[in-house]
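First the structure, in the form of structure tokens, and then the observations on it.
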């Protein structure tokens, strides 16, 4: 992102916010929620930066009626611009003069030879044509956005590639009287800019084709890809999910082709595409230019697309449509409709177009046209990506949108008798992507607090500057060690099978390959027990999931290891049974032990007293961690005593150390794990990295050389898995006023093939099943399903979001059945007494939770907005809005009490500098920054004098994992303890020499032989649950909050826009409000993904299909609500934790569910208007497909269930 912004500033020193939005649209961030990045980048804009909490129009929050700053001790300033240097273009690196000189020289052929690929750049067009005739099968590339990924990710090999980017004729753009001629090598960014200028000059009537193209180009890929990708590449890739071909074909564009035989012209149509990835061009032919015509009078053109995400995502279906009318009439003279994404190639609705020609553009044409399209466009169930019913619905919905668009324009020309209802008009406006503008507030420290005391103040993350400049070192940035090798995993391709043989002979014969390792090479134990459940490092006799590690290739380079791993042959014998879904596991009664249950009151009696009984279920899909830094490490064997150094990306270095020791058969005191920082963890780097470390250590042990392991994204997603899918089945008894008397909920999670942490995850779900509600009779049962999928593992929230969401779904359904507002039903069931007991009999006070709830209602202007939404929905038939507000009670700490501990080592050096080591892991959350703030307060030294180098098992042994939102609580207390020990030792000197500086005190202490090193330890509370008695203090304390979100959906496509979110969070007395607000925002945006976008797809054979950013979408900038407001609750106390603060890492993820329920409210409004039931099945995530299909209408009903052919699905819900 920094480089994207740098590029923008090099080209535009005064960018607008829209420039920044477009620039960042092609970037992904998993940690921040994007707001801090926007805040930093907008300082380069002309937009006034007076108040971070303003309305985006330069107004200070003090001028707004909804100001949060009514109290004098509330602030919204998270960072100061006082010490920031102004942008100075004179300090920019100059463009390399050598390249400038080369650019002015006469072009000549360039030639590069690699290990496997030859690369040629021809001198001119004549040279290019000659090369293509000589090497017809060599791909011609310019942007390399299609061929490059295929070579890197799919192993496609092209011995020769020809680069055409330096050929002027391929980049030409020429305007003529009838249109524009665009070189096939013209980038999409240049094309967009050229078309925008053309639209301005030509006016509306002549530029309709260009307007449609620009609309598509604005959301096609990201800015960085558009800068490289070309219009010719987009066409010749012949991929129907690439958007340009459908609109270019509808516009009757002409392709100019050249070869040694001369030139020819082809009208772009569906016939040009002969198969997926294939066109009618001969191998020796070159696409030179494309003619795009002006629009003619009485010609109307539109383009539509729908993707998993509005930007930076391939379309599911795209379309280009054009209609020409007889002059001054609504009679169709010509009609072209093209679809991409409904078959292997571009599809034209030829029969439909032919039948509708000569007809009037009216409701009769619409009815006949939709029926004709329904009959003509068939979407095969086997289509890659699946979603065939949704695709079919989009085919009809897009036609309806086109019909309305054209009808509106005809009305403006006063042609035709049909009026377009006003409530239909909003469906014609695409959602606008906006830059998030958020308000945030926190309580200032007391005026009595020393200005040198940093605790409670918003301080910059200690590594922020290094991360922004790229100087921050992650494990794979560490320079190569002499003799270093690389390891690549060999994984199972079967879900359940016996291993008959492993043949690595072909791989071992390849260049650079050193060895192959498997179970027989493990010097210690290949199999270990995890709470009585066996875990294998390498599969020995049997595989139990696709992606299970069987062996590993060790080679001289990363590429050699990867290529060789693909050549290892495994012979299998299939074993039955094999199943993957929760339903199948229930059918086979396949569950891990232990099975858990919690119960309060008498559920059966509650049902008897209830006015109504409701039964239902909610399914929640899993989630991929998608940390920016994939899993990996460097294992370095030492020459002495069998010592081993590991530089590893781990949230639990002590566990990694332990597993490596078991695997190698050596003591932990000879294994040192170093963790500088993680590029994201989210729970995914607690358990899985230990096995990968043991494999790399085994390779290092066998070869005697350093070994580096760095999983590629696809392998990381396949091997390490993510958040468990959940199914909640419930029976609820409730009264007419919405009061819930009894609830019986059974939770099923898909644990995968081994237990991992799934039993703990299920326990956390059960412990959170009450959320903030006092349900007198409540029973929860939890079963972890054993299936033949990769083992699911910890993920931020750790079962909490699933447990919380299912009870929220119960309240949502009860409200619907009672005909009451959902917030009213939530309020009536909420814990409100001064002292309350959870369903597991833990005492707590809900006072601050209720405060959060009430403040959120007020700050979100909830009542007024509900009325506005009701009015909006009454006046918009195809667009609906919904709003949802939920409270939160989230347990902090580990329910396994022995994990609630922390340790630190504090060293003071003679120059006065301080070095802290602690057992926590810095993964972007700011644990090191907070630790330094705490030490600075106690030692009374500047933060700049305190340094934290790394987490190291040699300095702090047996540390607990950095998880459960407990890192700062544990580490902070340990640092405090260690610093207080040192200050007690220094106290006599301070009294004796009150005027000494810190450095003088330290030197004097050294001379007095006073130890300047101390360990700090924190023994946290003993937490536990007696599952037989359904009681126990499971958590250290609870973090509270409330969140309100508003969304708008497009009922015709399923697209939705997150409009506004207000969060009020109780973080106690924040140690660092800037970090805490960032954690709330980042967690919430990750929740956006969990509940609305991120969808893991498995084949019916148990193969993960979504194995990279092309298939798996995390939230982008366009998904963040334009208004994301975060307020930290004032005057909140927490006597249990360091300086009255609270853990905040996990809780905000759950707030993403407000979008899910707001979407459901919007769908309900649409269904109610259509006379449909307000109760309907709806599972998470609320993808565009699910939203569209839930908004049933005449288009979705055109393909009734009895007409569907039963075939094997593309993907299954696991």
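Cβ atoms here come from the backbone N, Cα and C positions, even for glycine.
Annotated in TrEMBL:
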- 29, 31: [2Fe-2S] cluster binding site (BINDING)
- 112-297: domain 'FAD-binding PCMH-type' (DOMAIN)
- 140, 141, 142, 143, 144, 145, 146, 147, 243, 287, 305: FAD binding site (BINDING)
- 651, 682, 796, 964: Mo-molybdopterin binding site (BINDING)
- 798: substrate binding site (BINDING)
- 1146: active site, proton acceptor (ACT_SITE)
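Here the features listed in TrEMBL are placed on the structure.
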residue	record	Cβ within 10 Å
29	[2Fe-2S] cluster binding site	19
31	[2Fe-2S] cluster binding site	22
140	FAD binding site	24
144	FAD binding site	18
146	FAD binding site	20
305	FAD binding site	28
651	Mo-molybdopterin binding site	25
682	Mo-molybdopterin binding site	30
796	Mo-molybdopterin binding site	25
1146	active site, proton acceptor	26
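Close to residue 29 ([2Fe-2S] cluster binding site), meaning Cα to Cα within 10 A, are none of the binding-site residues out of 142, 144, 243, 305, 796, 798. Those same-chain residues not listed among 651, 682, 796, 964 yet with C-beta within 8 angstroms of the centroid of the Mo-molybdopterin site C-beta atoms are 681, 683, 684, 686, 794, 795, 798, 962, 963, 1145, 1146. Taking the Cβ of residue 964 (Mo-molybdopterin binding site) as reference, residues of its chain lying under 8 Å away and at least six apart in sequence are, in sequence order, 798, 892, 893, 894, 899, 1143, 1146. Rounded to a whole value, the Cα-Cα separation of residue 682 (Mo-molybdopterin binding site) and residue 31 ([2Fe-2S] cluster binding site) is 9 Å. For the pair formed by residue 31 ([2Fe-2S] cluster binding site) and residue 243 (FAD binding site), distance between Cα atoms is given as 30 Å, rounded to the nearest Å.
Over all protein chains present, the Cβ of residue 142 (FAD binding site) has 25 other Cβ atoms lying within 10 Å. Across the fold, the C-alpha of residue 305 (FAD binding site) and the C-alpha of residue 796 (Mo-molybdopterin binding site) stand 33 Å from each other.
Residues belonging to the domain 'FAD-binding PCMH-type' (112-297) score a mean pLDDT of 95 in the model. Each residue contributes its Cα atom, and for residue 144 (FAD binding site) and residue 651 (Mo-molybdopterin binding site) those atoms are 37 Å apart. In this structure, the C-alpha atom of residue 140 (FAD binding site) lies 45 angstrom from that of residue 796 (Mo-molybdopterin binding site).
All protein chains included, residue 243 (FAD binding site) registers 28 other Cβ atoms within 10 Å of its own Cβ. Taking all protein chains in view, 29 other C-beta atoms sit within 10 angstroms of the C-beta of the residue listed as 'substrate binding site'. Note on proximity: of the binding-site residues 142, 146, 243, the one nearest residue 651 (Mo-molybdopterin binding site) is 146, by Cα distance. Residue 142 (FAD binding site) sits 41 Å from residue 796 (Mo-molybdopterin binding site), counting Cα to Cα.
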